[in-house]
Amino acid sequence: MIKLFNSNTPLVLILLPLIAAGFWLSSFSGGELTPFENSSFIFHWFWIEDPMVNRILALIIITLTGVQLNAIINNNEFFDKNTYLPAMLYVVFMSSAKELHQLHPIIWTNLFWVFGFRRLMNVYNQVQCKSEIFDASIFFFIGGLFSFPYGFILFLFPWITLAIVRPFDIKEYLMPFFALLLGVLYLTFYHAFFEAFSVDVKHTAFKDFEIKENWVNYALYMALITFLYSAGFKLISRSNKSSIRFRKITSNLIAFLLLTMLTMLSDKVLANNDAFIYYSTIPMTILFTYLLYYAEKKWIIHSLFYVTLGLILLNIYFY
């Protein structure tokens, strides 16, 4: 599977729904939807009561998000040649938990974060990038609404990108403020005319940090940590030998990862969200692609990847 998606053949993308089906089969075959009582109003706009339609839409969004992320990576030449590993990895990651086998705030959040990330990647090639920063800020604002309040941590990302890749320009730094103002004005007018929205914070008190107690979950977390450490080491070592542009992209990616990790830890500690780790799916997808693409002893990394896939399927179907 790795070799297939690492080819320069876009047609492999049509296999993504089939790969996802292997993870979603038990969810499609039965089971009620899990309601979200404390989710934001914007999530309820897109909620669908019919379980089958709900899950099909969720799967479509995950697949399209993976394809969009893959296009960003290929268009910005992250690798020596085009690869379709990111799309495959994103779909696998987002299908690895039953909590995400239906419409979920994180599914929508990641979709808009990818749109925002796409606009930020255009900053590198522009003389003036005010429109790119404004658009990205709007997308991160909308993504934050779906996962309020924790998702709003990513609203800092446009400013961090500017600090990393651009000389100082006060007009560019003001764009996120204008985007925030526009978003707040829209919400204010919506509330004034419709009086029908609320954005609830799930919990205000600290909760115990809990992980589902079974050996498969612990094994998956250990595999994740191993992959993350190895991928980070590979990326940084390669960055030290690369161009200034690549080093800036690397710094931006690390900043993206740190912000999403802060988001997921906040959601886990304050709300005990079982799907907290999937806030970091986008940057981790890119990091793990680097590992699979550039690993020196590929058979070891690839074997570990397939073992991890087996553990994910075991966790979905038997735990």
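Placed from the backbone N, Cα and C atoms, the Cβ positions cover glycine too.
Cross-referencing 29-50, 249-270 with TrEMBL places the feature transmembrane segment at 249-270. Annotated by TrEMBL as transmembrane segment, the relevant range among 103-121, 122-140 is 103-121. In terms of C-beta pairs under 8 Å, the stretch of 54-73, 103-121, 141-165 lying closest in packing to the transmembrane segment (276-293) is 103-121. Just going by CB pairs under 8 A, the stretch in 54-73, 103-121, 300-318 that sits most against the transmembrane segment (141-165) is 103-121. Counting residues 6+ beyond its ends, the transmembrane segment (103-121) has Cβ neighbours under 8 Å at 36, 39-40, 43, 46-48, 54, 57-58, 61-62, 64-65, 68-69, 72, 75-76, 94, 132-133, 135-140, 142-144, 146-147, 151, 154, 157-158, 161, 252, 256, 275, 278-279, 281-282 in the same chain.
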